[in-house]
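Asker: Structure provided below as C-alpha cells; questions to follow.
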C-alpha cells in the first residue's frame, strides 16, 4: 500500500516490511499551528477549522538514499491538561520538531521554559529541530494590531536562530502551513536529522536552516 499523501493512524502501512518507519513527533504550545503544519504537508491541504489535538498520527512515504521509508508524523496536544498523556507518544521517537508561532511571543518563551525541559526529561538523547510557524501572519494587519495592543511585535528570523543556539537545537527553520512556504524544508531537515543527527555549524541566512552541533 502506498501511504503517500493523506494517510492517518488508520493506515495499515506499518506492516510493510520493505519500508522502515521513521518517527517524528511535533510539540509546542496549543494553537501555534502544529496540526496545520502536519496536515498541510501530509494532505497538501490547509485545515479550515481549528480543533485542539489530543493525539493524531499521519504517515507519508519518503525516499532517502534511494530507499523508501515511512515517515510517521505524530501530532500532540500543547495544553497543560495533557501534560501526563502527551509523553505516552514519545517512546521510539527519532526526531522532535519543537514549534512556536512567530506571532505568539509566549509560545517562543515556552520553548525554553516548558518544551525543552520536558523533552530532556523524557527523551534526552533524541535530537530536536526548532520550527517557527505562521510566518504568513508577520504582515497580517489584524495580527499586527493585536500584537501592538499587547505592546508586542512578531518574532524575527534572528530570534529563532538565537533560541535554537540557546537550546541546542540542530537547526532553526520557519514556515507557513497556509502558503506552504518553507514547509517541505522542515520535513526534509527532520529526515536529515534522523540519519545525520550531528551537524557542523553553518552560517545562517534567512530562509535556510541554522544547524549546530548538540
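Note: Cβ is positioned from N, Cα and C throughout, glycine not excepted.
What Swiss-Prot records for this protein is below:
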type	residues	note
BINDING	31-36, 46-53, 75-79, 133-136, 177-178	GTP binding site
LIPID	3	S-palmitoyl cysteine
LIPID	11	S-palmitoyl cysteine
LIPID	211	S-farnesyl cysteine
MOD_RES	211	cysteine methyl ester
MOTIF	50-58	motif 'Effector region'
Asker: When the number of other CB atoms within 10 A of each residue's CB is tallied over all shown chains, which of the binding-site residues 31, 77, 178 has the maximum?
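Answerer: That would be 77, with the most Cβ atoms nearby.
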Asker: Determine the minimum-neighbour residue: among 35, 134, listed as binding-site residues, which Cβ has the fewest other Cβ atoms within 10 angstroms?
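Answerer: Comparing Cβ neighbours within 10 Å for the binding-site residues 35, 134, 35 has the fewest.
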Asker: Determine the Cβ neighbour count for residue 48 (GTP binding site): the number of other Cβ atoms within 10 Å of its Cβ.
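Answerer: Its Cβ has 5 other Cβ atoms within 10 Å.
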Asker: Under DSSP, is residue 35 (GTP binding site) part of a helix or a strand, or is it coil?
Answerer: helix
